[in-house]
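Record features (TrEMBL):
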- 16-302: domain 'Sugar phosphate transporter' (DOMAIN)
- 12-32: transmembrane segment (TRANSMEM)
- 44-64: transmembrane segment (TRANSMEM)
- 84-105: transmembrane segment (TRANSMEM)
- 133-150: transmembrane segment (TRANSMEM)
- 156-174: transmembrane segment (TRANSMEM)
- 195-212: transmembrane segment (TRANSMEM)
- 232-252: transmembrane segment (TRANSMEM)
- 259-280: transmembrane segment (TRANSMEM)
- 286-305: transmembrane segment (TRANSMEM)
Amino acid sequence: MEEGGVLCQWSVMRSVLAIVQWWGFNVTVIIMNKWIFQKLDFKFPLSVSCVHFICSAIGAYFVIKVLKMKPLITVDPEDRWRRIFPMSFVFCINIVLGNVSLRYIPVSFMQTIKSFTPATTVILQWLIWRKYFDWRIWAALVPIVGGILLTSMTELSFNTFGFFAALFGCLATSTKTILAESLLHGYKFDSINTVYYMAPFATMILAVPALLLEGPGVKDWLYTHQSVSSALFIIFFSGILAFCLNFSIFYVIHSTTAVTFNVAGNLKVAVAVLISWLIFHNPISAMNAVGCAVTLIGCTFYGYIRHMLSQQSPGAPCTPRTPRTPRNRMELLPLVNDKLDDKV
C-alpha cells in the first residue's frame, strides 16, 4: 500500500512538473516575442519566425541524431514532398501569423483570439468536409464565440490588422491539424519528429520572403539599434526556447491525461494574459476581462464535452476509431487531437 501511495504521489508530482515547465516555456516565448517587437523595436515577424525555425531544426536534429533521446520516425522520400511539405507550408503560415498578430495587438487579446481555434476547426470540418457533430459540441462553442465577440468589442488596444492576423492564424492552426489527420496518416509523429521534418521545409519556404520583405529593414535596424549584441542574443535565445517548448509539449503529453491537459492549457492562457499585463501594462477593461474569462471557460467546457464523447461506444458520433486507410474524404477527419495543437 505504501509503495502504491508513493508511486501515486510521484505520478502527480511528475504531472505537475510537466505542466509547470510547459507553462514556463510557452509563456516565456510569447512574452519574449512581444518584447522583441515592442521593446527592442525589431518589428520583423517573418525574420523572428525564420530564426525560430532554424533553431528548432537544429535542436530537433541534435535531440534525435546526437543525443538519441527520441527515435527517428522514417518517412519515405516521396512522402516528404507529397505529405510533409504541404503540412510545413501551413505550419509556416500558422507560426508567422501568430508572430504578426503579436506585432500589432497585446498578448492578452492575441491569446484570447487563439482560443477560437476549436470553433474554426469544427466549422471548417462541417463546411468543407461535411462532417457532422453531436449537438453538445455546437453548444460548447457558444461561450467561446460569445467570449471572443465580447473581448473584441471591448479591446482598448484593438488593431484591425493584428486581429485578422490572429483570426487567420486560428484558421491556419485548424487547417494544419485537420490536414495532419489525412496527410500524416500512418505516421505516429510526436512533437520532436514533427519539428525535425517540418522546420527545415518551413525555413526554406520563409527565408526568401523574409529576405525580400524585411531584409532592408533588418539591415537598417542593425546599424541604428543601440545594443545590437544583447538584442540579437535575446532574438536567438527566443528561438532556442521555441524549440524547448516543442520538447516540453512531448513531455507533458506523456505525463498528463487529456482532461488535465485541456484544463492546464486554458489556465496557461490566463497565466500568459496576467504576466503580459504585469510586464507591458496594456489597458484591460472589466468587460474585456469578462470576455476573456468566458472564452477560457468555454474552451474548458468544450474539452470536457470532447472527452466525454470520446468515452462513448465505438459506434457513437465523434468517437475516435483505430487508424486505418480511409476509403473516402469523409473518413479522413476524426476529431482533432487537442494535445498536439499548441506549438509556438
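Going from the start of the chain as shown, residues are counted 1 onward.
Yeah, the Cβs are placed from backbone N, Cα and C, and that goes for glycine too.
Unlike curated entries, TrEMBL annotations are predicted automatically.
Model confidence over the domain 'Sugar phosphate transporter' (16-302) stands at 88, taken as the mean pLDDT rounded to a whole number. Take the transmembrane segment (84-105) and the stretches 12-32, 156-174, 195-212: counting Cβ pairs under 8 Å, 156-174 has the most.
For the transmembrane segment (195-212), the partner stretch with the highest count of Cβ pairs under 8 angstroms, out of 44-64, 156-174, 259-280, is 44-64. Each of 12-32, 44-64, 156-174, 232-252 was scored by its Cβ pairs under 8 Å to the transmembrane segment (259-280), and the highest score goes to 12-32. Within its own chain, the transmembrane segment (12-32) has Cβ neighbours under 8 Å at 102, 107, 111, 234, 237-238, 241-242, 244-245, 248-249, 251-252, 255-256, 260, 264, 267-268, 271-272, 275-276, 279, 342, 344, counting only residues six or more beyond its boundaries.
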